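Student: Please see the structure below; I have some questions.
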Amino acid sequence: MTTSIAARLSAVRQRLAAAERAAGRPEGSVQLLAVSKTQPATAILAAYRHGQRDFGESYLQEALAKQDRLGHCDIGWHFIGPLQSNKTRAVAARFAWVHSLDRLKIAERLNDQRPPGLPPLNVCIQVNVSGEPTKSGVAPEQTASLAARVAELPRLRLRGLMAIPAPAADPETRRTPFRVLKQLFHELAGYGLDTLSMGMSEDWEEAVLEGATWVRLGTAIFGARPPRPPSTPQGHGAGSDALE
Ligand SMILES: *Cc1c(COP(=O)(O)O)cnc(C)c1O
């Protein structure tokens with residue numbers, strides 16, 4: 001198990017370096033976020049021992065338990081899942097990044113709740129580039145107005161944009177939503193953004209070609225995901241992860 005995570009991580013790093021070259025981008029311009037949701041703390045530790053430092057989590061209770069167990073590690077924790085009001089206090093206190101910001105109310109709560117001793121919370125606005133009604137994310141045409149408001153919040157640092165496009169079989173089709181996100185990113189140049197969080201295990205090479213600066217890889221690094229444990233049921237609303 002441990003060796004296979006190390007082996008997958010090595011293979012991903014080699015492919016990432018090759019993808020950067022193919023895109024004509026400098027080596028190291030794309031950062032690797034290891035998405036460890038539903039994976040045990042031991043899997044995180046295996047990747048950590050192999051040099052991985054940034055990890056992405058989607059489910060708050062599960063993430064907090066792993067953070068407690070791995071408190072001795074120098075890990076950058078990224079929250080990448082749907083964010084409801086009742087989770088913002090813990091996320092503001094325990095994470096360095098939020099990739100999934102999609103409304104002002106949540107931004108204001110994170111801003112108010114970010115502890116004074118910590119640097120501003122890095123945030124990306126999640127954009128619903130594929131226009132799927134069930135997906136979270138702000139509509140492309142509303143991104144600029146949300147960015148304007150978020151940029152005014154002193155305890156947040158607006159870094160860029162994130163998207164989870166609908167899966168597509170054909171590589172050229174996969175590139176289109178990434179191009180849409182990059183175009184939006186350029187339209188927001190005045191905010192000094194430096195982050196395009198796009199690309200998952202099935203489409204990250206296309207995302208690198210279109211300018212991704214973080215790729216978020218779960219199965220490519222850890223293998224197939226175990227199901228969520230029964231203690232953190234897959235609720236639709238806010239209830240199950242309540243902390244307040
Ligand atoms: C689960 C998840 C990923 C990783 O998915 P893989 O296909 O396993 O690489 C990336 N981003 C987000 C927001 C996720 O929820």
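Glycine is treated like the rest: Cβ placed from N, Cα and C.
Just lifted these from TrEMBL, have a look:
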DOMAIN    9-226  domain 'Alanine racemase N-terminal'
MOD_RES   LYS37  N6-(pyridoxal phosphate)lysine
REGION    223-244  region 'Disordered'
Student: Limited to the domain 'Alanine racemase N-terminal' (9-226), I'd like the whole-number average of pLDDT.
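Tutor: The answer is 97, the mean pLDDT of the model over that range.
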Student: For LYS37 (N6-(pyridoxal phosphate)lysine), list the number of other Cβ atoms lying within 10 Å of its Cβ atom.
Tutor: 19
